Amino acid sequence: MREVISLNVGQAGCQIANSCWELYCLEHGIQPDGYLTEERKAAEDDDGFSTFFSETGNGKYVPRTIYADLEPNVVDEVRTGTYRSLFHPELMITGKEDASNNYARGHYTVGKELIDQVLDKVRHVADNCSGLQGFLVFHSFGGGTGSGFGALLMERLSVDYGKKCKLEFCVYPAPQVATSVVEPYNSILTTHTTLEHSDCSFMVDNEAIYDICRRNLGIERPNYENLNRLIAQVVSSITASLRFDGSLNVDLNEFQTNLVPYPRIHFPLVAYAPIVSAAKAAHEANSVQEISMSCFEPNSQMVKCDPRNGKYMATCLLYRGDVVPKDVHQAVATLKTKRTIQFVDWCPTGFKIGICYQPPQNVPNGDLAKVNRAVCMLSNTTAIAEAWSALSHKFDLMYSKRAFVHWYVGEGMEEGEFSEAREDLAALERDYEEVAADSAEGDEGGEAEY
């Protein structure tokens with residue numbers, strides 16, 4: 001069996017996880033107490049979800065997931081919430097004091113006390129797996145726990161499970177909805193630390209998701225639950241191929257193989273369609289062609305950037321629901337004729353396709369309409385570098401005045417780590433520029449490479 005362990009770090013990680021497990025349970029017919037629903041028991045046997053759930057002796061299903069936060073409030077809500085009997089109580093680990101939006105506290109002082117306890121539980125869950133495939137790590141860039149403790153966890157996982165692949169789902173700080181002023185510092189420090197430890201990072205930008213909720217779903221003032229439920233749909237689409245049998249299965253390593261041309265360039269842009277509210281759903285056809293096209297629209301993307309300014313290196317289209325390969329091939333053929341989708345010239349215009357026949361589920365009374373097919377697009381495009389440059393600019397404004405730096409140094413960090421992280425990010429931006437620059441220009445004298 002190819003199991004996957006989810007690790008949820010900090011407030012953002014834990015709250016996104018709540019929405020994800022709520023959705024997984026609906027998709028697999030598991031009740032909030034961990035037992036299968038009657039309809040599910042009657043249905044034919046499908047053990048695909050044992051990648052995400054382990055079964056106990058008395059037929060209860062327990063998520064293979066660990067909650068870790070340096071302060072107890074968010075995890076306490078899970079401990080007392082609807083799904084309190086679903087999760088294993090020992091796999092919810094909380095500290096006493098939070099990281100107070102400070103990367104250094106999450107990574108050095110406060111995080112250091114909790115990390116061994118978390119890794120001990122990871123080992124415990126991993127020992128229950130017959131063939132552990134890898135880890136999904138959910139965290140934010142802006143918070144102290146998400147950035148600092150998240151980075152520390154990634155480092156330690158590399159040491160303990162070097163060969164296993166690690167995918168991140170990270171919440172990118174949104175310009176409009178910042179919760180703390182030092183988000184640019186935390187983001188750049190955590191990106192620098194995790195760059196070599198993560199195999200593939202799916203970034204989610206809060207602002208982009210706010211806009212989707214406002215524009216496509218008509219929610220005037222979206223709250224975190226609205227955002228997280230949308231994120232959960234995306235995560236569910238990405239992991240559907242691991243949990244259900246489809247005609248074209250994708251496992252964790254395949255994401256990497258298909259999306260990451262160079263180890264550092266591992267930040268695919270995620271888009272999802274159709275995102276329609278229940279009120280409008282009846283008037284939309286949502287053909288395979290339509291939803292495939294709308295994935296390339298900027299307003300279905302999870303990060304604010306304009307892919308028309310960049311070039312694509314690789315694209316995965318993950319369909320689910322009522323989709324037949326013939327329609328997909330037609331849709332892809334049409335996409336290839338569109339000149340707006342520009343690939344780098346050293347890469348064939350290949351689209352990796354995955355199809356999972358399980359239709360997308362939706363949360364009762366949720367914002368999203370019930371649809372019979374959906375698609376999630378993961379594309380590695382050079383346009384995502386825009387997100388980095390926006391962040392670097394804010395970092396520079398503050399760091400030029402050394403604003404707030406003393407809080408980090410006071411927690412045992414060296415000031416040199418700031419400039420080191422900033423240089424690493426500048427190098428990352430340059431990597432993206434080089435990839436986008438036409439490779440044909442530099443190759444006149446380079447025949448020897450082939």
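Glycine residues also receive a Cβ, built from the backbone N, Cα and C atoms like all the rest.
Bear in mind that the values here come from a model prediction, so they are computed numbers and not experimental data.
Here Swiss-Prot flags GLN11, GLU71, SER140, GLY144, THR145, THR179, ASN206, ASN228 as GTP binding site, drawing on similarity to another entry. Per Swiss-Prot, the feature Mg(2+) binding site maps to GLU71. According to Swiss-Prot, the active site annotation covers GLU254, on the basis of similarity to another entry. Annotation source Swiss-Prot lists site 'Involved in polymerization' at TYR450, citing similarity to another entry.
Structure coloured by features recorded in Swiss-Prot.
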| residue | record | DSSP class |
| --- | --- | --- |
| GLN11 | GTP binding site | helix |
| GLU71 | GTP binding site | coil |
| SER140 | GTP binding site | strand |
| THR145 | GTP binding site | helix |
| THR179 | GTP binding site | coil |
| ASN206 | GTP binding site | helix |
| ASN228 | GTP binding site | helix |
| GLU254 | active site | helix |
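Across the residues annotated as binding GTP (GLN11, GLU71, SER140, GLY144, THR145, THR179, ASN206, ASN228), the two Cα atoms farthest apart lie 22 Å from each other. Within 10 Å of the C-beta of THR179 (GTP binding site) we count 14 further C-beta atoms, all protein chains included.
Comparing Cβ neighbour counts within 10 Å across the recorded positions GLU71, GLU254, the minimum falls on GLU254. Counting in whole angstrom, ASN228 (GTP binding site) lies 26 from GLU254 (active site) by their C-alpha atoms. Cβ neighbours of ASN206 (GTP binding site) (same chain, under 8 Å, six or more residues apart in sequence): VAL171, TYR172, PRO173, ALA174, VAL177, LEU227. A straight line from the CA of GLY144 (GTP binding site) to the CA of the residue listed as 'active site' spans 31 Å. Each residue contributes its Cα atom, and for SER140 (GTP binding site) and GLU254 (active site) these two points are 24 Å apart.
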